[in-house]
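Features of the protein shown, as given by TrEMBL:
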ACT_SITE  HIS130  active site, proton donor/acceptor
ACT_SITE  LYS134  active site, proton donor
BINDING   GLY73, THR74, THR75, ALA97, SER98, ASN99, MET100  NAD(+) binding site
BINDING   HIS131, GLY140, SER141  (S)-2,3,4,5-tetrahydrodipicolinate binding site
DOMAIN    9-100  domain 'Dihydrodipicolinate reductase N-terminal'
DOMAIN    103-235  domain 'Dihydrodipicolinate reductase C-terminal'
Amino acid sequence: MDLLILSTGKMGQKTLELALEDSFFTKVKAISSEELHMEEYTQYNVVITFSRPQAIFKTLDYCLRKNIPLVIGTTNFTNDQQNEIYKSSKKIPILQASNMSVGMNLLFKLAEITAQIIGGQTDIEIIEAHHNKKKDAPSGSAKTLIDFIQKGLGYDTKLKHGRIGEEVREEREIGVHAIRGGNIVGYHEAQFIGPLETIKLCHEAHDRSVFASGALTASKFIVNVPPNFYTMEDVFDFTLRKRS
């Protein structure tokens, strides 16, 4: 299978390294989104993008014209950009994930189940930590974690970003705390704090290759499905069905 990676940064290089070691891929190339026009006459089976959100329209146009499935590992899209992704998924398969780590996606599900069972009787706090070069806060994965918790709760919550002053905690509130420092690859924790006990669910990535590996797993999935919008949850459901 021929793979095009749209990213020349750290994630792109990690994905390229792993793909070159994987016999499933016969041809692999990593370029920046600005170089996409140079691939006009080359056909690929799948595209993985970690490019900045501003490049998504160019990427979607390329994949739509050439009918290529797309894996998106970028976060923080505007509403217009996200709507265009949904619209495009009616014509080509698109998988989008804020975090492609198997462990992190397991954390999402565990947090959802925990919220469904005891969330209403606990105070919920989210803690996330990343390296000192990360610009966005909270992280895209933290936002996804909150989405899964709200799904488990069955209702939307108020978000309290950090705590300062003398305000008491409100009902249906989730505290969100972001840490930036050093070379932290990624750490996410959900605390469900009750009057008699506390449950802590956490995930820590030790190396960026865990995200690259997940992206390659997603690319192998996306080439065998019809046009639609997919997430890593679909990848895991498919894998479990194959094993059963």
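Backbone N, Cα and C atoms are what each Cβ position is placed from, and that goes for glycine too.
What TrEMBL annotates, mapped onto the structure for a quick look.
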residue: GLY73; record: NAD(+) binding site; DSSP (3 states): coil
residue: ALA97; record: NAD(+) binding site; DSSP (3 states): coil
residue: HIS130; record: active site, proton donor/acceptor; DSSP (3 states): strand
residue: GLY140; record: (S)-2,3,4,5-tetrahydrodipicolinate binding site; DSSP (3 states): helix
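GLY73 (NAD(+) binding site) sits 10 Å from GLY140 ((S)-2,3,4,5-tetrahydrodipicolinate binding site), counting Cα to Cα.
Using a 10 Å Cβ-Cβ cutoff, SER98 (NAD(+) binding site) registers 22 neighbours. A sphere of 10 angstroms centred on the C-beta of ALA97 (NAD(+) binding site) encloses 27 other C-beta atoms.
Each residue in ILE72, GLN96, GLY140, SER141, PHE211 lies on the same chain as GLY73, THR74, THR75, ALA97, SER98, ASN99, MET100 and has a C-beta within 8 Å of the C-beta centroid of that NAD(+) site, without being one of the site residues. Counting only the Cα atoms, the space from SER98 (NAD(+) binding site) to GLY140 ((S)-2,3,4,5-tetrahydrodipicolinate binding site) is about 5 angstrom.
Just so you know, of the binding-site residues GLY73, GLY140, the Cβ with the fewest other Cβ atoms around it within 10 Å is the one at GLY140.
Candidates THR75, ALA97, MET100, GLY140 (binding-site residues) were compared with LYS134 (active site, proton donor); none lies inside 10 Å Cα-Cα.
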